[in-house]
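Enquirer: The structure follows.
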Amino acid sequence: MGIHGLTKLIADQAPGAIKEQDIKNYFGRKIAIDASMCLYQFLIAVRQDGNVLQNEDGETTSHLMGMFYRTIRMLEHGIKPVYVFDGKPPQLKSAELEKRGEKRAEAEKMLAQAQELGEQENIDKFSKRLVKVTKQHNDECKKLLTLMGVPYIEAPCEAEATCAALVKAGKVFATATEDMDGLTFGTNVLLRHLTASEAKKLPIQELHYSRILQDIGLTNEQFIDLCIPLGCDYCGTIKGIGPKRAIDLIKQHGSIEEILENIDSSKHPAPEDWLYKEARGLFLKAEVVDCSTVDLKWSEPDEEGLIQFMCNEKQFSEDRMRNGCKKILKSRQGSTQGRLDSFFSITGSLSSKRKEPELKGSAKKKQKTGATPGKFKKGK
């Protein structure tokens, strides 16, 4: 889910913290990618006649096709992706997961009704609401990445938290995800739309956390205390407090405790036994991979292994797989050239003194939405 309304709030309050970029500008960059978010995108978007792609055995293959071709696209642009997979969800997320289960049950009812009435538009809509990333999807994509020579990490808990830790440790340049809570976990740079379909022609949004804090005038702790009332995955919100009021209150009072002391609780009641302190603690000290043990390596693809898995087992076209391998090998030759700025320390911040380019497209529009050891795998 991420943080409700945070994208629009940042676009309104700190537009200078958002840059729109082309994928070619990330040549030579190592980027940590929220794998679950990608798989969800692929299962929603990679479809034929409104249905997920399947092989002759009835096995879903949308996630594999999406992972294969989108990863190759990044490699061809000189990007070095590392995928981060979710581990066990935190206990605080159980209420949110329960809500999602209820929504799925409702979507199943609506889908059955739409199928009975032959309403194709609603069939497509409710089918997408039932999309769920499974352990099998994850395991198959991990196998595919290993065969492609692309590293992945199994986070001990939330993938976005481990992505942020990798950025803060200097292992990668940015976190790529659509969930804005990557910022709440403290990633210095967050990229949106990096793994979106090329057909959508969405510019990549690059958000700089230090500039957001600077322009809004908040500390890291205050930003977290802003995000919790906006709505996150770990606890409820204060009734009747929207994004504009939330930012005014946090600027005025500095913390959730002080806000609760100073608002009219009869008009704006907080949830009973509100777990905001626990949510704050999770954002501040998330369970993440031990970054000192992470050694990222990108290697040559195992072409015959790919053919065995993707063609013999999953029934993909052998010509397309071999052509994909050629593209990976060619990209490895091109990516040996480094970035000039790799010789210098990169802080990931934007200077507020220089004039920012005028935003266009989605960033300009008012949007409606807004260390414990882990398991590390690399391409063999």
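Glycine residues also receive a Cβ, built from the backbone N, Cα and C atoms like all the rest.
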Enquirer: Determine which of Asp124, Asp233, Asp248, Asp264 appears in Swiss-Prot for the same Mg(2+) 2 site as Asp179, Asp181.
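Expert: According to Swiss-Prot, the candidate sharing the Mg(2+) 2 site with Asp179, Asp181 is Asp233.
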Enquirer: In Swiss-Prot, the Mg(2+) 1 site includes Asp86, Glu158, Glu160. Which of Asp34, Asp215 does it also list there?
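Expert: Only hit among Asp34, Asp215 in Swiss-Prot's Mg(2+) 1 site, alongside Asp86, Glu158, Glu160: Asp34.
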Enquirer: Roughly how many Å separate the Cα of Asp233 (DNA binding site) from that of Asp181 (Mg(2+) 2 binding site), to the nearest whole number?
Expert: 9
Enquirer: Tell me, by DSSP, whether Asp181 (Mg(2+) 2 binding site) is helix, strand or coil?
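Expert: DSSP call for Asp181 (Mg(2+) 2 binding site): helix.
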Enquirer: With an 8 Å cut-off on Cβ distance to the Asp34, Asp86, Glu158, Glu160 Cβ center, who else from the chain surrounds the Mg(2+) 1 site?
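Expert: In sequence order, the nearby non-listed residues are Ser36, Met37, Val84, Ala155, Ala159, Ala161, Thr162, Cys163, Thr177, Asp179.
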Enquirer: Most Cβ neighbours within 10 Å: which of the binding-site residues Asp34, Asp86, Glu160, Asp181, Asp233 is it?
Expert: Glu160
